[in-house]
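Residues annotated as active site, charge relay system in TrEMBL: D23, H77, S399. Residues or ranges marked as domain 'Peptidase S8/S53' by TrEMBL: 14-434. The feature domain 'PA' is assigned by TrEMBL to 249-306. Among the features that TrEMBL reports, domain 'C5a peptidase/Subtilisin-like protease SBT2-like Fn3-like' is placed at 476-584.
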Amino acid sequence: MTGVNKLHDEGYYGKGSIVGILDTGVDYNHPALGGGFGPGYKIAGGYDFAGDGYNGVSNFTISPDSDPYANAVCGGHGTHVAGIVGANSTAPYPIFTGVVPEATIYAYKIFGCTDAASGLSYSDDELIISGLLQAYEDRADVITLSLGGPSGWSESPSSAVASALVEQGRVVTVAQGNDGAVGTFYGAAPASGKNVWAIGSVDNIGLVGYEATIANSTNFTSFPYFASVPLGFTSLPLYAITLDSSSNNTGDACSALSSSLDLSGYVVLVKRGTCTFAEKYAVVAAAGAKHLIIYNSAAAFSYLPDASAYLESTAIVSAETGASLVALAAANSSALISAVNSTVLAIEYDSAGRISEFSSYGPNFEMDQPSPAFSAPGGEILSTWPLDGGGFSILSGTSMATPFTAGAAALYLSVKGKQSASALEMRDIFIATSSPVSNYSGSEVLESVVHQGGGLINVYDAINQPVRISPGFLLLNDTRNFNAIHKITVKNMGDSSVKLKISHEAAGTTLSFVEGSKVLHNSWPVPLVDSAATVLFSRTELSLGARKSATFLATFIPPIGLDPALAPLYSGYIKIGANLTVPYYGLAAPLKGLQILDDTSDVLGVDLPTLIGADDNVIPKSTTNTTVSLSSKSSAIQIVFRLATGTRFFSLDVVNASTTIHPAFTKRSMLEHGDTRLHKAVKKGLLPLVDGLVGGVVEVANNLTSSLLGGASSSSRRALFGSLGTLQTQDYAYRNAEDSPTDYYYVAFNGTVAPTSGSNLSATNLEPGKYKLLLRALKLTGDLKTEGDYETWLSPPIQLVK
């Protein structure tokens with residue numbers, strides 16, 4: 001799938017390379033991860049920057065120490081990531097290897113355990129930066145981070161540090177994010193850092209499974225089953241709870257079985273149905289069962305949740321296999337099943353090799369980075385898990401694709417040498433040798449470059465392809481800042497001459513917004529239309545001698561007939577020879593035309609922005625007597641707003657009640673609101689969340705400080721509007737997602753503000769009187785000092801009283 005197996009077959013396993021992993025810690029006692037910690041072990045070093053008690057939710061106290069160990073409660077994610085990089089698992093465990101099993105790993109724990117109440121665990125920029133700098137000091141060749149949160153900007157502190165390490169020659173791989181359902185313009189940080197390797201996900205070539213054998217059976221002698229580890233029993237008879245595999249059977253093992261039934265000597269067969277897996281586990285366990293096989297009845301496939309509290313082993317099989325097993329149980333009571341073979345099977349399924357549904361779309365709001373750069377296997381990945389949690393697990397996410405890519409980069413450096421190419425040159429090599437693919441929905445149209453980057457990586461080709469291309473990625477920008485002409489240099493690094501034909505292969509054009517809406521993004525799968533750019537070449541064939549180079553020009557003409565109100569993102573690939581590509585993307589609309597402030601009721605059900613009273617009710621826009629008491633914090637009101645598009649800067653200021661600035665929103669469409677549906681709620685996936693980069697809300701406390709507000713650096717921007725004081729400013733804000741009813745910004749106001757200028761920036765109380773609140777958001781590509789480049793909203797009057 002990615003060429004890793006070919007390199008393993010040639011004896012290359014990553015020896016001599018060092019991979020630094022910033023994550024939740026690792027169970028280094030796992031035999032597949034070397035069984036120890038320190039010099040001479042696979043996990044040779046690392047550090048715990050957070051401590052177990054820290055969670056970023058209810059406990060913000062760090063307790064750093066030199067031991068990055070974590071158990072299943074705290075460190076499952078990091079252990080899984082480490083296994084993808086470098087596991088070497090042998091029988092009786094599942095037999096598989098990581099990408100670079102002979103590489104050295106350093107583990108940097110930047111998360112604590114989860115908060116008991118919320119089940120969440122956060123890190124922050126300070127912890128991430130500490131881990132990045134330590135990995136640099138420890139001479140990690142590749143640094144990988146399977147973490148992040150919504151951003152769309154390259155200026156976050158951790159993004160900037162990651163970018164600086166790339167400039168110093170270190171490869172930094174970062175997860176693109178697991179928010180594919182949210183649609184375009186939803187890149188994560190620190191993946192949005194300049195020149196970092198932002199990684200998307202492709203579904204695994206096959207579902208992880210094993211083979212069970214059947215003795216005393218003539219025609220039906222084996223079957224595949226799906227589990228993270230082999231079932232581990234031999235010669236057990238089969239017992240089907242019911243002998244009805246038809247659609248009429250929906251309640252298999254959903255209620256208590258006969259008290260006289262003893263299932264301790266059987267492998268039990270149950271149909272998936274209307275009750276939960278846990279209910280089925282409990283029912284059969286109460287009858288003495290130790291081993292359970294569930295056969296599928298749903299349209300979608302899923303691995304079974306953990307059953308260790310009830311049973312020794314569980315697995316799921318297809319509906320077809322289940323029907324065959326039911327027939328076997330009915331006709332042949334002497335059949336015996338064994339399931340100890342630990343050879344991992346890759347069982348084909350519909351989305352194999354396609355871009356994963358969960359993988360986040362780019363681009364960033366500056367349209368100046370590959371977002372993602374390319375993709376790697378991240379859907380349904382078997383890897384290690386802490387021993388106290390079962391030892392192995394199957395997870396999906398760009399969190400899995402990212403360490404795979406880190407391992408591929410380490411493999412490249414191990415084979416080619418650490419001085420063979422810079423980190424940026426390596427990224428271009430990996431992009432050029434990646435293979436564009438289609439998406440999870442089943443369409444054969446190539447998926448957009450803003451969803452897959454260069455495509456699925458192939459490290460074997462990256463190592464063995466002698467042709468180098470620069471630049472590796474073409475950024476066409478929007479219609480107002482269109483980069484039409486690009487010079488591409490092709491160099492033959494090999495000892496033989498080559499002839500290369502130049503051509504163009506278009507990918508689907510994504511329609512970012514729902515037709516008729518100014519603020520609703522199309523959710524996954526973002527519609528793809530066949531409307532491509534035209535590309536003209538100064539030459540269509542290159543003949544290069546050994547160690548020779550040549551250049552050609554590619555001139556782009558954007559596609560026509562597209563509605564700019566839908567923010568169409570067109571993309572494709574310049575093909576050089578049979579297997580090399582240069583991806584590109586552009587926006588068939590002006591970035592400045594994307595609406596920033598949501599002024600509709602489409603998502604939250606109330607017209608936005610809006611004020612919420614102390615009684616939690618919406619204050620009508622026509623209200624003229626909203627009262628806030630300076631002496632009672634309980635009378636504070638909330639200002640609620642959403643960003644339909646990210647913004648370089650927004651501020652919320654207090655102004656005189658006489659201010660009459662008319663609300664100004666970017667007008668992209670003359671259409672009335674069409675589809676005002678709420679996007680379906682989806683799980684965010686397996687990506688750990690980073691405090692400050694992620695969040696349903698941004699809450700600003702009443703005791704504001706200048707550091708929170710950005711201090712005097714923002715005063716010149718606010719002076720344009722006669723600000724009397726500031727409630728909040730934020731640089732590089734991400735857009736809110738429509739799939740969550742709690743993803744919005746809110747700010748509390750009870751008369752306390754920060755001054756806009758002067759040497760004393762301490763928070764102060766306004767005098768009693770009547771005021772309004774002014775919300776401003778800078779349009780994309782807008783000038784911070786130009787009043788007309790802001791979208792604005794003015795609140796109804798607010799009366800402050802003592």
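One is the number of the first residue shown, and numbering goes on along the chain from there.
Cβ coordinates are placed from backbone N, Cα and C, and glycine is handled just like the others.
Recorded residues S399 (active site, charge relay system) and D23 (active site, charge relay system) have their alpha carbons 10 Å apart, per Cα-Cα distance. When other Cβ atoms within 10 Å of the Cβ of S399 (active site, charge relay system) are tallied across all protein chains shown, the result is 30. Cα to Cα, H77 (active site, charge relay system) and D23 (active site, charge relay system) are separated by 7 Å. Cβ neighbour count for H77 (active site, charge relay system) (all protein chains, 10 Å cutoff from its Cβ): 26. The helix, strand and coil residue counts that DSSP assigns across the domain 'C5a peptidase/Subtilisin-like protease SBT2-like Fn3-like' (476-584) are 3 helix, 57 strand, 49 coil.
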